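TrEMBL has this to say about the protein:
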type	residues	note
TRANSMEM	26-49	transmembrane segment
TRANSMEM	61-82	transmembrane segment
TRANSMEM	102-123	transmembrane segment
TRANSMEM	129-149	transmembrane segment
TRANSMEM	156-173	transmembrane segment
TRANSMEM	185-206	transmembrane segment
TRANSMEM	227-244	transmembrane segment
TRANSMEM	264-285	transmembrane segment
TRANSMEM	292-313	transmembrane segment
TRANSMEM	319-337	transmembrane segment
Amino acid sequence: MGDTTMGEEEEEEEKGRRRRRRRWRWRWWVAVAMHSVLVLSGQSAATLLGRFYYDHGGSSMWLQTLTLSAAFPVLFLPRLLLFTPQSPPLLPPPSPLLKLGLAYVGLGLITAVDSLLYSYGLLYLTVSAYSLVCATQLGFNAVFSYFINGEKFTDLTLNSLVLLTFSAAVLAVRSDDDPAAGRHYGLGFVLTLAASALYSLILSLMELTFEKLVRSRSLRAVLDMQIYTAAVSTAAAAAGLFISGEYRGLRREAEGFGRGEVGYVMTLIWASVGWQVTNVGLVGLISEVSALFSNVISTLGIPIAPVFAVILFKDKMDGVKVISLLLAIWGFISYFYQHYLDYKAQKKATVLGERGDARDASA
């Protein structure tokens, strides 16, 4: 009788563990989906508004750089109000604040440099070309993830790397009648390519910071990382704005903006909010999955911005861009399929492990 009761208790405990695992998986998928939506929506809106700023008379590089991080105060409210349960105790306690603070400062300064490079790239390229060159960030991220985060390469991952590299290379042979072609096009291409590489490095360093220093997967930790790094980046961009002297021409730039002063201010505000939405989603995906996966979702949004740019800004979607776009999509699908195979293998291993435990218990 006692053995029967003990067996029933063990069975109930096992059922409880399975229910908790299912709930955790459901919550994980919801979190990943939520962060993905933030990345896709925020990135598309912010990219288009950045191009809108330049097309209607904006020209300040440092102001555009500042826009990429200046809206971080909007994150204070969710940081204070949202309650996030503590992560499972699978990680050691957080590192000392000094180490964490230095990491945030370093990430913030690198982000400021990266934002400046992106601002120049967006000035010299059309939205379509800019977005497609940014597709190389996934390939760069695969390399950084391998060396920094221990990500394993597979045939599909390598295929993705090659395809996305060719996707950007195709853009270098644009026709002469394209408005973006010319001496500024080459410079814009190089700067955007460098920005993509630096951006990929930042994502890998963020993942390393989560693993080695933050040691938490909560939403509070995600918001903390974004707030502190954005604050440092904003301070650096503001310093650049004043040291360069660009701030003296902002009043004149606002008065001459094609959509008026109100349109000028609203464009900058909403572009900045869009980038904060994007960055929260990216950091959340790094926390929940990996830097490489967050970059995959960011790359998924690449076809979205050019489509809206063709509609809103009358950008050309010529044959070269179409080929480059298809290569970028093919590269994304290759990586996503590899992630799907990894998920299936992990799920199968979990099921086999549970069956083995059940057989051992019954024996």
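Placed from the backbone N, Cα and C atoms, the Cβ positions cover glycine too.
TrEMBL does not curate its annotations; it predicts them automatically.
Note that the coordinates shown come from a computational prediction; the quantities given were computed from them, not determined experimentally.
When each of 26-49, 102-123, 227-244, 292-313 is checked for Cβ pairs under 8 Å to the transmembrane segment (185-206), 102-123 comes out on top. The transmembrane segment (129-149) shares more Cβ pairs under 8 Å with 292-313 than with any other stretch in the list 102-123, 227-244, 264-285, 292-313. In terms of C-beta pairs under 8 Å, the stretch of 26-49, 102-123, 264-285 lying closest in packing to the transmembrane segment (227-244) is 102-123. Here the transmembrane segment (292-313) lies next to the transmembrane segment (26-49) in space: the count of CB pairs under 8 Å, restricted to residues six or more apart, reaches at least 3.
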